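Visitor: If you scroll down you'll find the structure; I have some questions about it.
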Amino acid sequence: MEGFWSIFCGGSGCSETGGNPCIYDFELLKDPSTCVNHFLFICIDVLLLIMILFVILQRSSHKPSQGLIRVQSYSKLPLVSAIANGSLGLIHLCSSIFILEENLRTTQTALPLDWWMLEFIQGLTWLLVGFTLSLQLKKLPRAWLLMFSVVIFLISGFLCALSLFYAINSRKLSLKVALDVLSFPGVILLLLCIHKEFKYRDRERENNESLYIPLKEESNEVDSVGYVTLFEKAGLFSRMSFWWLNPLMKRGKEITLQDEDIPKLGKADRAESCYFLFIDQLNRQKQKEPSSQPSVFKTIIMCHWKEILISGFFALLKVITLSSGPLLLNSFILVAEGHESFKYEGYVLAISLVFTKIVESLAQRQWYFRTRLIGIKVRSLLIAAIYKKQLRLSNAARLMHSGGEIMNYVNVDANRIGEFPYWFHQTWTTSVQLCIALVVLFRAVGLATFASLAVIVLTVLCNTPLAKLQHKFQRKLMVAQDERLKATSEALVSMKVLKLYAWETNFRKAIERMRDVELKRLSVVQLRRSYSNFLFWASPVLVSAASFGACYLFDVPLHANNVFTFVATLRLVQDPIRTIPDVIGVVIQAKVAFTRIVKFLEAPELQSENTKERCFRDNIRGSILINSADFSWEDNMSKPTLKNINLEVRPGEKVAICGEVGSGKSTLLAAILREVPITRGTIEVYGKFAYVSQTAWIQTGTIRENILFGSAMDAEKYQETLHRCSLVKDLEMFPHGDLTEIGERGVNLSGGQKQRIQLARALYQNADIYLLDDPCSAVDAHTASNLFKDYIMEGLAGKTVLLVTHQIDFLPAFDSVLLMSNGEIIQAAPYHHLLSSSQEFQDLVNAHKETAGSDRLVDVTSSKRHSNTATEISKIYMENQFEPSQGNQLIKKEEREKGNQGFKPHLQYLNQDKGYIFFSVASLSHLVFVIGQIFQNLWMASNVDNPNISSLQLIVVYLFIGFISACFLFIRSLVVVAMSIRSSKSLFLQLLNSLFRAPLSFYDSTPLGRILSRVSSDLSTVDLDVPFGLIFAVGATTTCYTNLAVIAGITWQVLFISLPMLYIAYRLQRYYYATAKELMRLNGTTKSFVANHLSESIAGAVTIRAFEEEDRFFAKSLDLIDVNASPYFHTYAANEWLMLRLETISAVVFASTALCMVVLPPGTFTSGFIGMALSYGLSLNSSLVFAIQNQCTLANQIISVERLHQYMRIPSEAPEVVEGNRPPENWPAQGKVELHDLKIRYRADSPLVLRGITCTFEGGHKIGVVGRTGSGKSTLIGALFRLVEPAGGKIVVDGIDICSIGLHDLRSRFGIIPQDPTLFNGTVRYNMDPLAQHSDQEIWEWTNCCLLSWEGSWEMSVERGC
């Protein structure tokens, strides 16, 4: 063996007989230059070479089949890997040749072999790795690639670690060590190539499998997937660098982004996947603990624990790299002072500083983006869960959770919870960072660190009671917000009634009073938040005061290296410390919001499992059996709404239900639908329902969509439905036929048209059981007669029908008539039997005859009219096809600002109630605070090593400047709160006034969800986030630029690099804003889709359940949630895209600063100024991140001001009062109404509805206005109240042209009973007299006049519409 080692190692070999004994110890392995190590790595490299050659030879022996050859294409990553690894191989080969040549020149022999052989074999290995593997991955077996990647990663990692360890310990840096270290990044590149190849193969396999899918299924899949975000299939490099976002950023720069330009979310990130994962986990929790209610919070954590851990890893990596900065800075100052450990240590430290900054940036970007993604997924699943819950909510629970509150859960609470994951890791990373900082401080200032620790602990303890108070007032604020939103929602829904009765002013003032209460609670919350902000922003001043004071007391020497290690550490932790109030605020808001949502999700549901039994046996399908049943809306056996109900309806029977108002007819239908809880007895229903409610529920959309209601289009069946519902002539009058868009709640339809669309919807469903709640009440007698014959008797022939009606004429045609009174079925029998046996029924029939003036009964059997044949219907349908039209529809696409609005929205906010004065004071105060900090550090840098300045003097001046700057910080905190409250109050008053003064046409063409999203989530953002966002953005930007100024002031040479970098940063921001602004605006408009769909579903929940369409509506809700989440997702991705690139720029500036100090001759800078420059340089990244982060956050938040301002400039109605032309107090005295050539159109671009009416109604006369449905009767009444201003002609009442006086003077003098009944949330008495203008005695007299016998308390509460 000695001979072998002598040949292989030469003079460095071991010999037992010589003076160089063979030592087989671990110490030899630690030195990569030892011969033993060389031999070991040659063996490993030879094995790798054999593996590579074996696979290459094996691959060449298998010729690919014709047609299976894949065209080789080189992407950038394999090329980069090939060049990098190939270059390493060439350097190794050149090195081996050089060593061999040296051996031959000096010893005339190739011995020793170790050095040049090692370099040669390593060079050959890396060449093969570079040019064979990197470029031929597609042809290599998967298993071999996996094994080879693991082996080469372990070898290269070990070699790199060994070389680094050796270089640090020996303080020597050789070419061999550098090549060993560089080989590790080369292996990483290779692994990325292998990872990318695996992903490509997986996709290719999926595509090949999909070839076997039938063509129809494949086309459907393609349609459903659409344009999916590139993030879904992005590689590791693309995800880490956000390269996948480049196409969207480029498109946003070129054009104004539209809805269709935003890619869909990936499948795993969609609301459907998130919701069903949540439900799956919830069911597992229930199975584990069936006796207890599963924790929603724990379930959400279980759904996303992997993502939370991964983002937590990146958060920890960021903290570690950030905390290493001061240690490197300390070494850098020692080098600057001449204490260099090894040659070129300054360069190594400069490279290390930049490397840690890059790693820190990558880690932080992934941390923020991944937590944002978790937040989006949590928000989506909560909105989905809320939507699903409201479809199943019981009546009792609906009284506890109004529509406005449910809207608040979605628009405000779910958003607050969605923000929480972003801040979650801050709760522990700040603590970890502080602990690491304390260790660094202990090394710098010794025992004085305990003073710092004491101040930090005291700061946290002082904030604890503030946090508890903030939590308490946050709950109160949310309650006040709910009350205000509930009242606002109710007023907006009932705006037509408010305008008709001239109640707008009273209701507006009531909402303003609620807003005042909300603002008081808001001011308390904001003040607590402001105190917390001051406490934590000032904490660095307090920490430095305590620490330097302790240094003086403990005689700790102060030098540049320990002082600026301390300052740098403090500057690095001050940003996380300053975010502590925000973290506390977000945690509190999320906790309150989560409690509210969980309470809602745990509310009682309708017990509808046993309601309907699907049975397909024809003999019982369509039958209903109720046996001795009691039903109670309150789910209380002692308070039954319906008592002792016994009912049997056989398949195909037609049953009429009649009785006095309030006898329980509609409740009976609701009980069959299982909307009313059953407290006694049994109910069995077989078959599918179709339900027509008493108050029409119409969706926003086209008439066709409302009729089809999710069913497939059958032309013949559809046209027959239109004929049977007498809708054909109505559709001919609409500009786009059945493709005409209907406004929210059918505002552009008459009452009769709305009911007939409901009837058409029910008929088209081809159900087994039809529950019709007085559908003919809103139509004229002729239409009602046609509907009865064509629809009920012919269209529903063979169907089970339960019809609630007050029209006695139709009763003889029914198989049975139920007579109800006081919640009971008094009698059930055929019409003639009931007429002869029941006195109550005789009284009902006689009363109807007296009112109708006729004893005519409808003879359905003698009808000569017969339905159209299938051929005729098909022909008529083809003739009446309407082309889809996007223009001239009632519901317009939601407007949004376009392009870069600059500072326009900021000025709109600051101009509210002189907010710019407060903002200026706050900005100047912050500027003074920042300048104070600079002067502190400048004083320390220039005098820390000055023998003429004592330690006490140095510390006292330092602390004095700090305390003065902290005072200005306190002023800033208070002024921001004052600006916040004043601006919020002014904005809301203008918004509310604009909404209440808007004409009714605005509400006809604007879905309620659009308005509610502004008065809920947008207003909440303006209240809580915008004021602090403004000052933080200004403050953080000021801090960032002052950091850069300090660096440039000390090392002016950096300006040659920093100025171009600043220009690039500016251009990057401009490039970013082009896309980001549109993404946030799209987020605002798509948010309205979710809110509008939710509000419609709340209003039509009974109908949706009756038609068993919950799944379809839920699926639509999931789709709308995804449509809204996609702009959110891409907004956050764009933020991180920008931040990563800006941080790269700041790293370049910092690197140039560090290199400047290394390259320039020693003594150019004092150690104090080097410490100051590098401490500011270390915090440049974090300050830049903090600045851009706050700017981006503000840019997102300020969109809410933009959206509010859109509805603050709605064109108003005519003035409420015209001071120069007010009518007399007793006007109208006679009531004479004269119409002169009156013309009315609803919109400027719509046809005339009233075409030149001229007539006179004498005072005191009772005039009946009759006409077919849609003939203009309601329009005529609306014209008297100036709901629509005349397009021509005039209306004169008692000699006064009504268009010449104010709207309030006009409407308050007229009385009206609106077509659509409206109830407000509140007591019965409040509903009868909302303005509290009358006594109880007067109200009792009126109720007697209206035949409204009332046995309950006036103070009983009612829910709107219930």
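A Cβ is built for glycine as well, from the same backbone N, Cα and C atoms used for every other residue.
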Visitor: Ranges 120-137, 372-389, 1128-1145: which does TrEMBL label transmembrane segment?
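Guide: Checking TrEMBL against the ranges 120-137, 372-389, 1128-1145, the transmembrane segment one is 120-137.
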Visitor: Give me the stretch from 174-194, 534-554, 916-935, 955-975 with the greatest number of Cβ pairs under 8 Å to the transmembrane segment (434-461).
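Guide: The listed stretch sharing the most Cβ pairs with the transmembrane segment (434-461) is 534-554.
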Visitor: Applying the under-8 angstroms CB criterion, which one of 174-194, 534-554, 955-975 scores highest with the transmembrane segment (916-935)?
Guide: 955-975
Visitor: Against which stretches of its own chain does the transmembrane segment (534-554) lie, if we need a Cβ under 8 Å and a gap of at least six residues from its ends?
Guide: 441, 445-452, 454-456, 459, 462-463, 466, 566-567, 570-571, 573-574, 577-578, 580-581, 936, 951-952, 955, 958-959, 962-963, 965-966, 969-970, 973
Visitor: What mean pLDDT does the predicted model reach across the domain 'ABC transporter' (626-847)?
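Guide: Averaged over the domain 'ABC transporter' (626-847), per-residue pLDDT gives 86.
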